[in-house]
Amino acid sequence: MKIINAEFIKGAVKAEQFPEIGVSEFAFFGRSNAGKSSLINMLVNRKNLVKTGSRPGMTREVNFFLVNRPASLNFNPKTKKFSGPAPKDMFVLTDLPGYGYAKLSGGMTLQIDKMLYEYCTNRPLLKIIFFLMDMRREPTETEKESIGFFHGLNIEVVIVGTKADKIGKNDQIKAKNDWADFFNFDEELIIISSAAKKTGRDNILSLIAKRI
């Protein structure tokens, strides 16, 4: 799949603010320091489309990005419609709030949990949640429960092992095998990635192209 352009659409702090674009959507979820921003920037060939916060875990919004919009195609936010038919390769990438790092107040944590649930249950065109995990870390029961939560909502989950350049090839293979056993996951749905080396990019984009 060729990426022509990518643009920020909107940041939402509650479900009422979620944009209705009408094209396939792919979300990214993981710990606050798992490298979501770097991965999305790598996928769309932009250095700073997704801002990396100076304090990991402080992003509390659901951020939406539109990919491959032709210059001739305009979106009217009032009517929530495009000026013409959307091309087949146009889609939305969604950056979901990270978890497990920032010290948020109990109320704010509950608000994010509620927003995540509302997102997952109100996006009929959501095709895949890419679940990011640092390849240097051991998987946790919390991550297993999170994947089970998404599966319980009939959402396809693909695990992306990030920061693969920080470990050797053998360790990458071992981690992938261990994760497949721990999560009872098909290895084809575990992608090894490195934003720094741009590895895994083609695998992720190929999967997106198949699901659009």
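Keep in mind that glycine also has a Cβ here, set from the backbone N, Cα and C atoms.
As recorded in Swiss-Prot, the features of this protein are as follows:
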DOMAIN    22-212  domain 'EngB-type G'
BINDING   30-37, 57-61, 95-98, 162-165, 192-195  GTP binding site
BINDING   Ser37, Thr59  Mg(2+) binding site
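Positions of Swiss-Prot features highlighted on the structure.
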residue: Gly30; record: GTP binding site; Cβ contacts under 8 Å, 6 or more apart: Lys36, Gly98, Tyr99, Phe131, Leu132, Met133, Val160, Thr162
residue: Ala34; record: GTP binding site; Cβ contacts under 8 Å, 6 or more apart: Gly98, Leu132, Met133, Asp134, Thr162
residue: Glu61; record: GTP binding site; Cβ contacts under 8 Å, 6 or more apart: Gly11, Ala12, Val13, Pro97
residue: Asp165; record: GTP binding site; Cβ contacts under 8 Å, 6 or more apart: Ser194, Ala196, Lys197, Thr199
residue: Ala195; record: GTP binding site; Cβ contacts under 8 Å, 6 or more apart: Gly35, Ser38, Leu39, Asn41, Met42, Thr162, Lys163
Entry from the binding-site residues list Ser37, Gly98 having the most other CB atoms no farther than 10 A: Gly98
Ser37 (Mg(2+) binding site): secondary structure state under DSSP, collapsed to three categories: helix
Secondary structure at Asp165 (GTP binding site), reduced by DSSP to three states: helix
Mean predicted confidence [pLDDT] for the domain 'EngB-type G' (22-212): 87
